[in-house]
Amino acid sequence: MKVAIVFLSLLVLAFASESIEENREEFPVEESARCADINGACKSDCDCCGDSVTCDCYWSDSCKCRESNFKIGMAIRKKFC
């Protein structure tokens, strides 16, 4: 019985690590060239890379990509870009 539990645990661990590896988000070269990193120049939220990064024009004349305080709302908004 203990052997079966250990075997099933290893099996679940193997599948979990494989699914995590498949879900890693890597930007293709073309997509990373189209979007700006943190502190990069932007005109709208869609210009910034990542689901939780927003275009911030509040503090200065030049807009820059910044980490958003509302990560869930920003992730939903980025789906429509």
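Sequential numbering from 1, following the chain as shown.
Using N, Cα and C of the backbone, Cβ positions are placed for all residues, glycine too.
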Whichever of C46, C49, C55 is disulfide-bonded to C35 when Swiss-Prot is consulted: C49
Whichever of C57, C65 is disulfide-bonded to C63 when Swiss-Prot is consulted: C57
Whichever of C42, C46 is disulfide-bonded to C81 when Swiss-Prot is consulted: C46
Secondary structure at C55 (disulfide bond), reduced by DSSP to three states: strand
Least surrounded among the disulfide-bonded residues, given as C35, C42, C57, C63, C81, when other CB atoms within 10 Å are counted: C81
Which of C46, C48, C55, C65, the listed disulfide-bonded residues, has fewest other Cβ atoms within 10 Å: C46
